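Each remark here refers to the structure printed beneath this line.
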Amino acid sequence: MVSASHPEALAAPVTTVATLVPHNATEPASPGEGKEDAFSKLKQKFMNELHKIPLPPWALIAIAIVAVLLVVTCCFCVCKKCLFKKKNKKKGKEKGGKNAINMKDVKDLGKTMKDQALKDDDAETGLTDGEEKEEPKEEEKLGKLQYSLDYDFQNNQLLVGIIQAAELPALDMGGTSDPYVKVFLLPDKKKKFETKVHRKTLNPVFNEQFTFKVPYSELGGKTLVMAVYDFDRFSKHDIIGEFKVPMNTVDFGHVTEEWRDLQSAEKEEQEKLGDICFSLRYVPTAGKLTVVILEAKNLKKMDVGGLSDPYVKIHLMQNGKRLKKKKTTIKKNTLNPYYNESFSFEVPFEQIQKVQVVVTVLDYDKIGKNDAIGKVFVGYNSTGAELRHWSDMLANPRRPIAQWHTLQVEEEVDAMLAVKK
């Protein structure tokens, strides 16, 4: 009866309970549910920011992939470096620090060992430092030269044959030499002969013969000198070796042919006059010969103060006659003048092998006569380095060929020019 007459009253508590239960359940929310809410909010915020970026989705994905790859690569490199350092430290400990030796230590060690070895050698041989210095050095091998000698009694001529050389030392950077031979008689040095230069060889074959006009009655007082040189276009020619043959020791009843070892050359007693460098250029089509006086060096001192006032004269000659004359400016108070002055001569092609260019270096004097320091000539009937220079010019038309020449005594050059008229 009671339940039937008050149905609302019975239902009310149930409703109240139903509404209270959820209310009470939200208050003690679990930690897991709070984290999920925070993550969802962060995710929602990230997505909102992502949508604001003005890039297509595929571009964003590509950027993300590249970033991940960079991070992974950096981590890999760091790990590898750490492992490598540990490995090296371990090896260093095992080897006792051998890797710490640098090149300086190695060189110092080598030097110490070398010094010690020398001391040990001295101890074994029983030689002191003083005794070792006094020990004669082994004679340097300079090669050898084959030559022949004969005398023509009918014409009063000494015939000298330069056949070949062998086992010459290498004086050039390439391990070879450019040898040639000078031949002359002492005490008269005025007449000298030279063979052709043989390029890049230590065993040249010359097969050249030279003739000296000497009466047999005077031959006994002469000494024949044969000297082997290494040719160098831009500096002084180096002498390899020489030997002397006194004529009073030779039996001219038959032809002499023999090998002789080259000896170290004696220092030349002749006074040094200096060297001059000039270039030659010939243009056959225009018939134009150009001589450029470049410079001179180590000239002889002519003035009281130990210097000179040098200038250069150039003569074009043919058959002993002076065809043209030119001269440079004067350089004051110097033994190493620089000129770089050019002079041209008209020489037809058919005459180029008949002319001579005579170059004379003089010391200028305001009051007295200008004294010649030295002289040289190239061209017709020249010999040695001068002939080679002239030949190189003719072999290379239109191209300037520069070369150094050793100045000679004026009287000697004039005598040669007079003979070769």
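All residue numbers here begin at 1 and follow the chain in the order shown.
For all residues, glycine too, the Cβ spot is worked out from N, Cα and C.
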Binding-site annotation, Swiss-Prot, Ca(2+) 2: partner of L171, D172, D230, D232 in D188, D238:
D238
Candidates are N24, N340; I want to know which one Swiss-Prot annotates as N-linked glycosylation site.
N24
Going by C-alpha distance, which of the binding-site residues D303, D309, D363, D365 is nearest to C74 (S-palmitoyl cysteine)?
D309
Close in space, distant in sequence - S344 (phosphoserine), Cβ under 8 Å, 6 or more apart:
K288, L289, T290, V291
Taking the Cβ of D363 (Ca(2+) 4 binding site) as the centre, how many other Cβ atoms fall within a 10 Å radius?
20
Distance from C75 (S-palmitoyl cysteine) back to D365 (Ca(2+) 4 binding site), taken between C-alpha atoms, in Å:
88
Secondary-structure category, per DSSP, in which C82 (S-palmitoyl cysteine) falls:
helix
Far apart in sequence but close in space: which same-chain residues, 6 or more away, have a Cβ under 8 Å from D309 (Ca(2+) 4 binding site)?
M302, D303, I330, K331, K332, N333, T334, D363, Y364, D365
Between C77 (S-palmitoyl cysteine) and S264 (phosphoserine), what C-alpha distance do you get in Å?
69
